[in-house]
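These notes concern the structure reproduced below.
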Amino acid sequence: MNHLLDTHFHLDLWPRPNISTLIEQSGIYTIAVTNTPSVYFHTEKIAANSKYIRAALGLHPQLASERQRELPIFMQLLPTTRYIGEIGLDDRTCTDFEIQKKLFISIINACADARNKILSIHSRRADKEVIDVIGEQFPGKIILHWFSGSLVMLERGVDAGFYFSVNHAMANSSAGKKLIQAIPSDRLLTESDGPFVESSRQPCSPLSMPSLLQTLVSVRNDLENEVIASNQIFANFRRILS
Ligand SMILES: [Zn+2]
C-alpha cells in the first residue's frame, strides 16, 4: 500500500502527544481539523513542521452559540490556509440552529469568494440544509464528512460534485454501509474522525486507515483489494488538490 489518507482527524484533541510523530513516520496524509479558530494556531504550528499534516481552520456547529464571537478571527485567518473544517450544521431541531446557519452561511460565502478552498463539512441531521447552503455551483472542493443523511441527499451531493469521507463508524453500521456503497468510487475518501470514532474500543487515528481500507474492500464490490482501494482514494485526493 503506498498512499494513505485521513481527511478528518482532530489532532488537537488526541490524548497522547506523540501522534504527529507517528503520522510523520507512517507517511499518512492527514487533514487536522480544528473546532475553533483560537485553537487553530496550535495545530498550524505542528503542521508547519510536517510533511504529511495539514491544518484546517474550523468553527464546529456544536460550538456555534458559544464561539460565534470568534467568527472575525476565522475570517482573518481564512486567507492563510487552503483547508477549512470542521464546519457545518448539526441537528435541525437544535435550539441554536439559526445561529449555526448564520455562521455557516458567512463561512461558505467567504470560502466561495476565496475560491479553491477544501472544506470538511459536518451535516448530522442537517443534510438537506447543508446542501442547500452550499448550493450546486460551489467554487471549491466540498468533502461531506461522516455523511449520515438520506440516499436522495447523497445523490444531490454527488450531482453537486461533492466528495464523501467515510470512517470506521460508518463502515461498521448497516445504514453507513448502504451509504458507502452508494458513493461513486471517484468521490470516495477516508477519514478517522479520531478520537471521536472508535474501532475495537480504541479511538481511531490516521494509523487506523489500513484497517478502514480492509473494511471498505469488504463493503464495496468495486474495490478488489486494499492496494486498489488506496490508489483510488488517493487519486481522488490528488484531484481535489489540483
Ligand atoms: Zn469531527
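The backbone N, Cα and C atoms fix where each Cβ goes, and this holds for glycine too.
Any TrEMBL annotation is an automated prediction that lacks curation.
Less than 8 angstroms from the CB of Asp193 (divalent metal cation 1 binding site) sit His8, Phe9, His10, His145, Trp146, Asn167, Ala169, Cys204, each of them six or more residues away in the same chain. As annotated by TrEMBL, divalent metal cation 1 binding site applies to His8, His10, Glu86, Asp193.
Positions annotated as divalent metal cation 2 binding site by TrEMBL: His122, His145. The DSSP secondary structure for His122 (divalent metal cation 2 binding site) is strand. Its Cβ placed at the centre, His122 (divalent metal cation 2 binding site) has 24 other Cβ atoms within 10 Å.
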For the recorded divalent metal cation 1 site, whose residues are His8, His10, Glu86, Asp193, find every other residue on that chain with a C-beta no more than 8 angstroms from the centre of their C-beta atoms, and list them by sequence position.
Phe9, Val33, Gly85, Ser120, His145, Trp146, Glu191, Ser192, Gly194, Phe196
Between Glu86 (divalent metal cation 1 binding site) and His122 (divalent metal cation 2 binding site), what C-alpha distance do you get in Å?
7
